[in-house]
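Have a look at the structure below, then the notes.
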Amino acid sequence: MSDQTQSMVSRRGFLRAVGVSGGAGAMLATMGAMGLAPSAAASVTPAFRAPERSDFTLTGRSGAKVVVLGGGIAGLTTAYELGKAGYDCTILEARHRVGGRNLTIRGGDVETDLDGRIQRASFSDGVYFNAGPGRIAQWMVTMDYCRELGVPIEVFTNQNADAWIYNESAGMTEPVRYRTAKADVYGYVSELLAKATDQGALDSRLTTEDRDRLLSFLQSFGAIGGRAGDWAYTGTNRRGFSGYPGAGNDVGSLLGTPPPLSDVFASNVGRYFSFEFGYDQAMLMFQPVGGMDQIPRALAKAVGQHRIRLNAEVTAVTDRGSRVEVTYRQGGRQSQITADYCVAALPPHLMARVPHNLGAGVTAALADFPVTASGKIGLEYRSRWWETDQRIYGGITETDLDLSHIWYPSYGFHGKRGLVVGYYNTGANARTYSGLTPEQRSERAISQGVKIHGDKYRSELVTSYSHAWDRTRYIEGAWTSPRYGTPGYNLLLQPAGRVYFAGDWLSHEVAWQHGAFVAARSAVSALHQRVMAG
Ligand SMILES: Cc1cc2nc3c(=O)[nH]c(=O)nc-3n(C[C@H](O)[C@H](O)[C@H](O)COP(=O)(O)OP(=O)(O)OC[C@H]3O[C@@H](n4cnc5c(N)ncnc54)[C@H](O)[C@@H]3O)c2cc1C
Ligand SMILES: N[C@@H](Cc1ccccc1)C(=O)O
């Protein structure tokens, strides 16, 4: 489908709904069903519905004043989209920069956490650390905003056959490459299933043709022997080589023979394979060139810096019936801003603490979002030993250590220096690290990383910066687990008087910028619909 076709389809949906006919509810109904017009559907993949495009065009104009609380992706998107339709928006952001959880750390950046710990990043020029979001799936509306805002993107390597798996608690003494682990697990699983199939164990489920087709599939899927070889898995070059094939008669040195079946299952390496099957984590994935914060930067530029008040902490919201008053503290001074409407795009657990007159039900609903902790550390190295010595170009190593994941950079290949994400963890593991000083976090991450990567993990380190989202002022958590379908959740999908709510927590894509974008678009649509109807 060409972009043009899809844009036209989306825009037509909007015009029909909001513009001239504009009956109440029609726009939202159309948005919900805003797949493809029947005539267009015939020429495109029929199953793909693209309801949320960045050519989100509000028809009809309004100069109404809107105050937006929070300058994260949801707040910025709200002001950006309303701005296109003429609204007079002001964003109040408590932090010293926009972006919220979309945070990229570069050399010179300074952050003070809730415990008063100050970190000044000293990364080299050109080295950056995405402390929050790092990847974008192709179908996400985030991609459309990158295109519309002119933010260049590049592939983010989310899976790599040459990255490692290391399960210490399963008794592994050294890491195994993904490709090796997959070859062995797929091989043995195929062997077992082929044997069971051939011995008739599945005859009640399979026709003769099914059985033959399944056996043929398993032979290629697991690289196993045929019937004559009793379907045995005995290894394959998919495991990799200790010396890769070369010129002339050099067939290379295969990476040994597979461990016995029960050792492979005991190592539990297979637990990581399904990650890349996820609809949200499957390759290809993308990242903005130069850091994830290129997105909020571009949004802020499009909104206009004069519309964004930084270091402005919202302290009260009062709905006066015909207008909304918002009180905020900036530079030690208390100020007030009055607007026709307000869109509150703060984390729900923080909005719950802001005094307001929107009702106890709203407070209770806002306070009912369980919050998860998460943390990451960026380790800058003076050499790219993971590329030169271990032949890992991007991707993720999976572990059962409390560091959970190690990410290799998807940019700067073959450069002089580079940044590895030395831990990315959640829940209890994240809280273990967030309770430590930055130096202790770095030491803990390094002492574990050397088990996988050897001495260079320590000796080549230049500097590090760690971010604990549960200890970040004005965020206090990584993401929430909404109680979908409850009266409280549904209450916040509606405006409370003149106050609307937005954020990834009001979507089914929590922990993704996509969720923040679509929730903002939903609030904007409802607000505009009301203004046009009024
Ligand atoms: C570790 C981590 C990894 C992630 N990985 C990915 C990923 O790979 N891809 C992806 O797309 N998404 C990812 N996400 C999710 C993504 O970051 C969020 O979904 C998105 O950024 C949320 O935007 P938001 O505007 O809803 O909320 P926020 O970014 O939380 O914005 C809320 C804003 O409100 C401000 N605020 C709070 N209190 C006040 C106050 N009193 N007054 C004024 N302002 C206030 C905050 O400072 C903040 O700027 C990740 C998040 C984390 C934490
Ligand atoms: N979106 C975040 C959090 C997340 C992790 C795993 C699955 C789903 C969401 C990330 O990709 O890192």
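Every residue gets a Cβ built from N, Cα and C, even glycine.
Checking the candidates Val314, Val317, Val324 against TrEMBL: the one annotated together with Glu93, Ala94, Gly132, Pro133, Gly134, Arg135 at the FAD site is Val314. Residues from the binding-site residues list (Glu93, Ala94, Gly132, Val314) with a C-beta closer than 6 Å to any atom of ligand 2: none. Checked against ligand 1, the binding-site residues Gly132, Gly134, Tyr423 give Gly132, Gly134 in sequence order as having a Cβ less than 6 Å away from one of its atoms. By the criterion of other Cβ atoms within 10 Å of the residue's own Cβ, the least surrounded of the binding-site residues Pro133, Gly134 is Gly134. Ranked by Cα separation from Tyr423 (substrate binding site), the binding-site residues Glu93, Ala94, Gly132, Arg135, Val314 are led by Gly132. Of all the Cβ atoms in the protein chains shown, 28 others lie within 10 Å of the Cβ of Glu93 (FAD binding site).
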